[in-house]
Structures are given as structure tokens and as C-alpha cells.
Amino acid sequence: VTSNADRICTGITSSNSPHVVKTATQGEVNVTGVIPLTTTPTKSHFANLKGTQTRGKLCPNCLNCTDMDVALGRPKCMGTIPSAKVSILHEVKPVTSGCFPIMHDRTKIRQLPNLLRGYENIRLSTRNVINAETAPGGPYTVGTSGSCPNVTNGKGFFETMAWAVPKNKNKTATNPLTVEVPYICTKGEDQITVWGFHSDDETLMVILYGDSKPQKFTSSANGVTTHYVSQIGGFPNQTEDEGLKQSGRIVVDYIVQKPGKTGTIVYQRGVLLPQKVWCASGRSKVIKGSLPLIGEADCLHEKYGGLNKSKPYYTGEHAKAIGNCPIWVKTPLKLANGTKYRPPAKLLKERGFFGAIAGFLEGGWEGMIAGWHGYTSHGAHGVAVAADLKSTQEAINKITKNLNSLSELEVKNLQRLSGAMDELHNEILELDEKVDDLRADTISSQIELAVLLSNEGIINSEDEHLLALERKLKKMLGPSAVEIGNGCFETKHKCNQTCLDRIAAGTFNAGEFSLPTFDSLNITAASLNDDGLDNHTILLYYSTAASSLAVTLMIAIFIVYMVSRDNVSCSICL
């Protein structure tokens, strides 16, 4: 056989590989490309959540008013609360009301603005829930105070409560009295009813109520009952933010009445009876933040503010977030987006013991810039390289599938967190930080493992792609080439760049490249001389010679073995 044949091999690209990915079983692996899955955000201002109504202050048009002012119905802070799916808890320190001094620490009243923020739709009723003047223990005069001025700077009081001061002939001590609080909101709305009581020093208690002893109060709604006893005297003169200083104090609380449910208030003298009530429906997610809200963002994060999502995950400081947010992970994650790094392949010059060409060393092919997998030919023309775009696209599709799977995992975890947020207690709408951190650690570990397994699968699938290419190449070449191992074939014709490109495109025709211009193989058939021997005789000679040689070798090996064990001695005489 005489040949000027070329060699065609399947292979994977070889290029600089500065990237490293982590896998489940192989540890860190160098690859030709990666897709970063994480980002580390920087702090920014808070923003409106894209595509979502975002509420900053409860009443944006109520100037110089705190959310507590709005929640209690301070006369100068009456306005419309806009609907919102997201609310910003922007008041980070205990907030007072610019009205009559309140004993905030006696009740859960500080939570009232938070409670209202947790609703999508909030409105103040147009009518009073109780006629305060004719309530049990009356008749009453509805009291006002100069420390709580109205819009004309006259004396006023909170719109949500009526200060029930007994009329002159009725200023006497009384046993506990009961008033029912009816449900007056529209079906489907929660009713938030604000009430309270006033106390002062002994002298003023007698003047106002005809009784200087501590008074008892109880509220009950939805199976929750709360008891209070008023404190008499001992208060320094003060006001909340403005107005006249007061020696007295008020204690304010609220009850939440579910649709159709009636509440109950048991009271003595100094009661602040409910008046206008809050009617609220829907859910609004609450997150701690700051004002003003500038622009829009995909995500609102308690630590980083408004974020625009560029990666599915983030590293850095973990905190609560709402919106289309990346999920927190402990370490940076990268998905393999290429092939495992291989050094440039080299052709073995040596032949094996039986004369077969061993093929190419394991490695990658340089110059395969149009794809990851493909073919290379070596011959007089030099080196030709062609990428198999179909195989490369299949590999890319696998990576895309892995990326989509990771995104689905992200969405499921996000929905899990979102579901937890929706189930929070109405009053505070916050997760316990320790539980939240534990959940975040667990999710981070799940995501990290998913990425490790994805990288493992992407890298391991390279062998599948190469095997598929080898089968494809073998089928196309057919009898025009001889398989020599390691994905390589020795052709019976020349295969330059044009030939290789057609192989990569799947349009190769062996007959076209077997023309004389390609220096096809010149094979001279061996002939048998007619010496009067037939084929059977020739085969007999060959088999006899081979058998004799085998027997001779076996005897020689046996003698050498026996001599080495001193079982046979050999003397040579001259």
C-alpha cells in the first residue's frame, strides 16, 4: 500500500482558559468560558418597584405629618391614602403624633401605621361607628384640646376617637360600662377601630370625670381581649410635637374586626370612644426603606435599596427584599459556557508494535473559532480546522437548558419566600431574622449544589458530543477512510479545507475528493505466482510453519524456566 493520505480527526477547541468552575465530583475545572450567575450589589436609593404601585408615606399629600398622625386622624393630617401593592416602612425610629401626648409604650399603638401599610386599599369611613354623645354612661360632651389644633388652628382632636367627657350633672364615678362596636365597612374589608382613654392628676380627674381613682378598660375582638388600668398623675407637662403642653396623657389602642364581626369595649371614665374607622382590604408587601423614592427598580432590598436585576443570584449582605429580585447565595457562582480546557493536540509520529498509527494525543484544536466541536485534517496542505455548528448548538442548548433549570429553581425559591411574606402577621409583617437567615442558608446550599451538578453534566456531555461526531464522520467517510483510533481516520484521498468544510456542513461526497487531482491512494494488488501449488497447499505450509514455530518457542521457554529453578542442569563439552 502506498499513500499520501491525510488524517481527519474529531476534536474540541483549544484556547486560553482563564475561567474556573466548580463541579460536584471533579472539584475546580478549567473551562473555555463561563456565565457568571452572581453579582454583588452596591447601596442605592430606594425606588418605586417596576410595574407595581409603591407607597412611601401613607398620605403623600399630608404635609408635615407622620404616618402616625395619619393613622390616628390628626385634624391637620386628613387625606387620601393611595392604593399600593408595596409599602415602604420609612420611619426607622419611634414616631409620635403632633397632637395630644400619648403613652406609646402602654399598647401596641406604634404598630398601627405598619398595620395599615400592610393593606393594598385603605380608606377612612365617612360616618362614625358609635354616637359618642349618647353612649352608655352619658350624656357626654366630645372634648377637644388646644394641643391638637384643627385646620383653622382651633381646638380639635383625633378623627378616629371621641373624648367622652361627662356633662356637668353626670360627673360621677361609674361601674364598668359596655359598648358594642358594630362592623360598618364593606364586606370583604377588615375594620381597624381605634380607641383609648385619658388620665390626668387627681384634681383634673375629679373636675373632668368626678372620680380620681384609676379606671379600668377592656377591649375584645376576634377572640383577643386586652385589659388596661389608667395611671393617675405623675406626668410632666409636655406635648408630642406642637401645641399646648399637657399634664394629662392618653393611651391609644386598636382592634381589628374581620368582616361582619362585632367588637366590644368595656370602660369607665375618661374613655376615648371609636369614631371613624379604617376599612382596609388586599395585601401590600412591606419593606424597611427610606424616602424619597427615586425612579424605578426591579427589586427593593432593605440593605441595598433599589436594584435592577442583572443576574439570578447575588452575594453580599443578606436581607429581606421584594420584587423581581436575585436570590442571595453565600459564594459567587459560575456556569460552564464552553468546553473543558484541553492543551493543543499533537500528532503521534510513532507507529505501534503492529504498525498501526496511534492517532492524536488527547487535546484540543486551535483555530476552531466558529464552534466548540468539529474536525481537523493534517496533510501536505498543513492543518485545516472546521467547526461542527450543529454539535456546538446542541451543547449550547444543553447549557441553556441548565440555565433555565436554575432560573426555575430561583423562581420556586422566590415564590416560597414571597408566600412566607404573604402569611405574616397582620400587625408587623416581618419575618424573624434568625428564621429568615436559616431559610436563606438552606436555599443558598440548594442553589450551589444545583450549579455544581449542572457544571458536571455540561462537562461530562462533551464525550457524548465527540462520540456523536465520530459516528457522523465515520458514516460520511465510508470506505474512503480507515479508522485509526482516538476519533481519527486515515483517508484514501486528500482532504484540504474545502473537504473539511463540507464534512462539517454534512455535504461531503467521497467520490468528489477521490479524483486524481487529490492524489488518491495508489494500491497495487499482490499476486500469487503459479508454482504448481494450489491454495490449500499454500495454507497447509503456512499453518505447519506457524505451528512449528509456536512449539519451538514453548519448549525454549520451558527449558529456560526449569534452568532458572535449578531443576535442569546443562553441561557443554568441547
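Every residue, even glycine, has its Cβ placed from backbone N, Cα and C.
Feature annotations, reproduced from Swiss-Prot:
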- Asn30: N-linked glycosylation site (CARBOHYD)
- Asn64: N-linked glycosylation site (CARBOHYD)
- Asn150: N-linked glycosylation site (CARBOHYD)
- Asn170: N-linked glycosylation site (CARBOHYD)
- Asn237: N-linked glycosylation site (CARBOHYD)
- Asn308: N-linked glycosylation site (CARBOHYD)
- Asn337: N-linked glycosylation site (CARBOHYD)
- Asn496: N-linked glycosylation site (CARBOHYD)
- Asn522: N-linked glycosylation site (CARBOHYD)
- Asn535: N-linked glycosylation site (CARBOHYD)
- 1-542: topological domain 'Extracellular' (TOPO_DOM)
- 564-574: topological domain 'Cytoplasmic' (TOPO_DOM)
- 543-563: transmembrane segment (TRANSMEM)
Report summary line: Here the glycosylation sites are Asn64, Asn337, Asn496; the one whose Cβ sees the most other Cβ atoms within 10 Å is Asn337
Query - Around the Cβ of Asn170 (N-linked glycosylation site), the count of other Cβ atoms that are within 10 Å - result: 16
Report summary line: Judged by other C-beta atoms within 10 Å of its C-beta, the most isolated of the glycosylation sites Asn150, Asn237 is Asn237
Report summary line: Check: min Cα-Cα distance from Asn150 (N-linked glycosylation site) over glycosylation sites Asn64, Asn170, Asn337 goes to Asn64
Query raised in the report: For Asn30 (N-linked glycosylation site) and Asn237 (N-linked glycosylation site), what Cα-Cα distance in Å is obtained after rounding to a whole number?
Result: 74
Query raised in the report: Over the topological domain 'Extracellular' (1-542), what is the model's average pLDDT?
Result: 80
Report summary line: Around the Cβ of Asn308 (N-linked glycosylation site), other Cβ atoms within 10 Å, all chains included, total 14
Query raised in the report: By the DSSP assignment reduced to helix, strand and coil, which category contains Asn30 (N-linked glycosylation site)?
Result: strand
Query raised in the report: Closest of the glycosylation sites to Asn496 (N-linked glycosylation site), Cα to Cα, picking from Asn64, Asn170, Asn237?
Result: Asn64
Requested in this report: Rounded to the nearest Å, what's the C-alpha distance separating Asn308 (N-linked glycosylation site) and Asn237 (N-linked glycosylation site)? Just drop the number here, would you?
Outcome: 50
Requested in this report: Can you grab the distance from Asn337 (N-linked glycosylation site) over to Asn64 (N-linked glycosylation site)? Cα atoms, rounded to a whole Å.
Outcome: 55
